[in-house]
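Notes for the one structure printed next.
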C-alpha cells in the first residue's frame with residue numbers, strides 16, 4: 001500500500017532534480033555543474049575565500065597581480081604550509097557539514113512538491129550556474145543580492161497565486177476542483193524526456209552487461225580449454241613415462257637373464273676344463289711311474305714301495321675327502337629336494353582344499369538361491385491368494401450393502417402401501433357416512449331401515465378390518481424368503497431385525513464360497529440364541545451399517561499391511577540372491593587368479609634351476625603324479641567325510657595357510673638375499689666380462705646352438721607339465737562330479753521319496769478329520785431341526801413386537817433430528833451474519849486508514865518544502881551578513897593600514913621583515929573570519 005506513493009515521490013524527486021539540465025545547456029564548451037553536487041559547492045567556497053583573502057591581504061602590494069589564491073601565494077616556509085593546510089581543512093569541514101545537512105533534509109522528504117514548486121524550480125534552476133560567470137567578489141555579491149530579490153518576488157507571486165480567494169464550499173459548488181487538478185498536472189514532456197533517458201541508460205547498461213558476460217564466457221571457455229589441454233598433455237606425458245619405464249624394466253630383465261645364462265655357461269666350461277686337466281695329470285703321473293719302475297735299482301725298491309704306499313694313502317685320503325664332500329653336497333641337495341617336495345605337497349593339498357571349499361560354498365549358495373526362489377514363489381502365491389480374498393470380501397460387502405438398501409426400500413414401499421389403503425378406506429367410509437346422513441335428512445331412513453341399520457355396521461366392519469388386515473397382510477410379504485434361484489443375492493432380514501448376532505454371523509461367513517440354505521439357517525438361528533436381550537431388539541440399520549463397514553475397514557487395513565510386509569520380504573530376498581550371485585562370481589575369479597599364479601610360480605621356479613638338476617626335476621615331476629593321486633584321494637575322502645565327522649587331531653594342528661605364508665616369507669627373504677649376492681657378483685663380473693669379450697665372440701655360435709637345444713628341452717618340459725595339469729584337472733572334475741551325483745541322489749531320495757509320502761499321510765489325516773466334522777454337523781442338523789422350527793415361531797412372534805417398538809423409536813428420532821437440524825441452521829445463519837458484519841467493518845476501517853495515510857503524506861511533503869525554503873533563506877541571509885562583514889573588515893583594515901603608516905612615519909624602522917608581517921596579517925584575518933563564521 002505504501003510502496004506506490006514512495007515510488008512516485010522518488011520519481012518526482014528525480015525528475016525535479018534533473019529538470020534544470022534542459023534549461024542550463026549552453027553552446028559554450030565550458031563544463032556545467034549541478035547546484036547539488038559537492039564539487040560545485042567546494043569550488044564555489046574556495047573561490048569566495050580566495051577573493052576575500054586577495055582583497056583583504058593584497059590591496060597594498062601593487063607589485064603582485066590579482067590572481068587566484070593558488071597562483072599568488074608562494075609558500076616558502078613549513079609554518080605557512082601547515083597554516084594553509086589547517087585553514088583549508090577547516091573550511092572544507094564546514095562546507096561538508098553544511099552539504100551533509102542539506103542532503104539529509106532533501107533525502108528525508110518523500111516527494112518533492114506538486115506543480116507549485118515546479119514553476120519556482122524551473123525559474124531558479126537555470127540561474128544556478130550563473131555565479132561561474134563572475135571572476136570578482138563584488139560582482140558575485142551583487143549577483144547574490146539580485147538572486148535573493150528575485151526569489152523573494154517569486155515567493156510573493158507564488159503566495160498570491162496559491163492563495164484561496166474563494167471558500168471551499170463555493171469551490172465545490174462551482175466545480176473548481178477539476179480545474180485545479182488540471183492546473184496541477186505536470187508537463188508530460190519532462191516525463192517523456194526522463195523516460196527516454198532512462199531507456200537509453202538501461203539499454204547501454206544491458207549492452208555493457210551482455211558484453212561483460214560474453215567476455216567472461218570466452219575467458220572461462222579459453223581457460224577451460226587450456227586446462228583440458230594441460231591435463232591431456234600431462235596424461236600423455238605420464239603414459240609415455242610409464243611406457244619408457246616398462247621398456248627399461250624389460251631391458252633390464254633381458255640383461256639379467258643373459259648374464260645368468262652366460263654365468264652358467266662359464267661355470268660349466270670351467271668345470272669341464274678342470275676335469276680334463278685332472279684326467280691328464282693322473283694319466284701323466286701313471287705313465288711316469290711305470291717308466292721309472294723299469295730303471296729302479298733293487299736298492300731303491302724299498303723307497304719306491306714307500307713312495308707308492310704314501311701315494312696310495314694320499315690318494316685314499318683325497319678320495320675319502322672327495323667322497324665326504326660329495327656326500328655332504330648330496331645330503332644338502334637331497335634335503336632341499338625333500339623340502340621342495342613337502343612344500344609342493346602342502347601347496348597341492350591346500351589348493352585342493354580351497355577348491356573343495358569353493359565348490360561346497362558354491363553348492364551352498366546355489367541351494368540357498370533355490371530355496372529363496374521357492375520362498376519368493378510361495379510368497380507371490382500367498383499374495384495372489386490374499387488379493388483374491390480381498391476382492392471377494394469387497395464384492396460380498398457390496399452385495400450386503402445392496403441387500404440392506406433393498407430391504408430398506410421394501411420397508412418404505414410397504415409403509416406407503418399401508419398409508420394408501422388406509423386413506424382409501426377412510427374415504428369410502430366418509431362417503432358412506434355422508435350418504436347415510438343425507439338419507440336420514442331426506443326421510444328415507446324409515447323406508448330403508450334395515451339397510452340403514454346395516455350400513456353403519458358395514459361401515460364399522462369396513463373401518464376396523466382393513467387396518468388389521470393392512471397390518472397383518474401387508475407386513476408378512478416383506479419377511480417372506482425369496483426364491484433361491486431367482487436372484488444371485490439373498491435378501492437380508494428387515495431393518496428392525498438387524499442385530500449384532502446377525503452382523504457377526506455375516507462377517508464370519510464371508511470366507512465361504514457358496515452361501516446357500518445353510519447360511520440362511522445360521523443367519524436365522526443365531527438371533528434366537530439371545531431372545532431376552534433388549535440390546536439386540538434396539539439395534540437399527542443406522543448402527544448396523546457402520547459396524548459392518550468398520551470391521552471391513554479394519555480387515556482391509558490389516559491386509560494392506562500384510563501385503564506391504566510381504567513385499568519388503570521379497571525385496572530383501574532378491575537382494576540376498578544378488579549378493580550370493582556376486583559372491584559366486586568373485587569366488588570363481590579368485591580361484592582362476594590363484595590357479596594362474598600357481599602356474600606362473602612353478603614355471604619361474606623351473607626356469608631358475610641349473611641345468612644339472614633338469615633330469616632329476618623331470619623325474620620328480622614324472623613321479624609326483626604317482627604320489628599325488630593318493631594324497632588327492634585321501635583329501636577327497638577326508639572332505640567327503642568332513643560334513644559328517646571331524647577328527648579332534650585336525651583342530652590341534654596349525655592351519656596350512658599359515659604354514660604356507662611363513663614358508664613363502666622365508667622364501668622371499670632368501671630370494672632377496674640371493675638377488676643381493678647376484679647384484680654384487682654382477683658388478684664384479686662386469687670387469688671380467690670386458691676382458692673376456694674377445695673369447696666370447698668365438699664361443700657365441702656354440703652357445704647359440706646350446707641355447708636352442710635348451711629352449712627345445714624347456715618347451716618339451718612345459719608340454720609335459722601342461723599334460724600333467726590337464727590330467728589332474730580331469731581327475732578332480734571326475735571326483736567332484738561323483739560327489740555332486742551322490743548329493744543329487746540324496747536330494748532326490750529326500751524330496752521325491754520321503755516328503756511326498758509325508759504329504760500323503762497328512763492329507764489322509766486331514767480328510768479323516770473333515771469327514772468326522774461333516775458327520776457331526778449332519779447329526780446336529782438332523783436333531784436340531786425340530787428345535788429350530790419352534791425357535792423360528794417364537795422368533796417371528798418376538799420380531800412382530802420388535803417391529804412395532806422400532807417404528808415408535810424411529811418416529812421419536814426423526815423428530816429429534818429435525819429439531820437439531822433447525823437449531824444448526826440458525827447457528828450457521830448467526831455465524832454468517834457476524835462474519836459479514838466483521839468484513840464490512842474491517843473494510844471501512846481499512847479505507848479510513850488509507851485516507852489518513854494519504855493525508856499524512858501530503859502534510860509531510862508540505863513540511864519538507866517549508867524546511868527546504870527555510871534552509872535556503874538562512875543560507876542567503878548568512879551570505880548577506882558575510883558580505884557586510886567583509887566590507888566592514890576591509891574598512892577596518894584600511895584604517896589600521898593608515899594608522900600603521902602614520903606610526904611608521906613618526907617612529908623609527910623597528911618593524912619585522914616582510915614575510916613574517918604577511919603571515920601575521922594572514923593569521924589575524926583568518927582568525928577573525930573563523931570567529932565570525934562560527935558565531936553566525
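Cβ atoms here come from the backbone N, Cα and C positions, even for glycine.
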Where Swiss-Prot places coiled coil among the ranges 125-163, 281-319, 320-358, 554-592: 554-592
Given ranges 407-456, 607-656, 757-806, 807-856, the stretch to which Swiss-Prot attaches the annotation region 'Disordered': 607-656
Of 691-714, 715-738, 859-882, 883-906, the range Swiss-Prot labels region 'Disordered': 691-714
Residues of the region 'Disordered' (691-714) by DSSP state, where helix covers H, G and I: 23 helix, 0 strand, 1 coil
Most Cβ pairs under 8 Å with the coiled coil (554-592), selected from 189-270, 364-440, 662-739: 364-440
Mean per-residue pLDDT computed across the coiled coil (364-440): 89
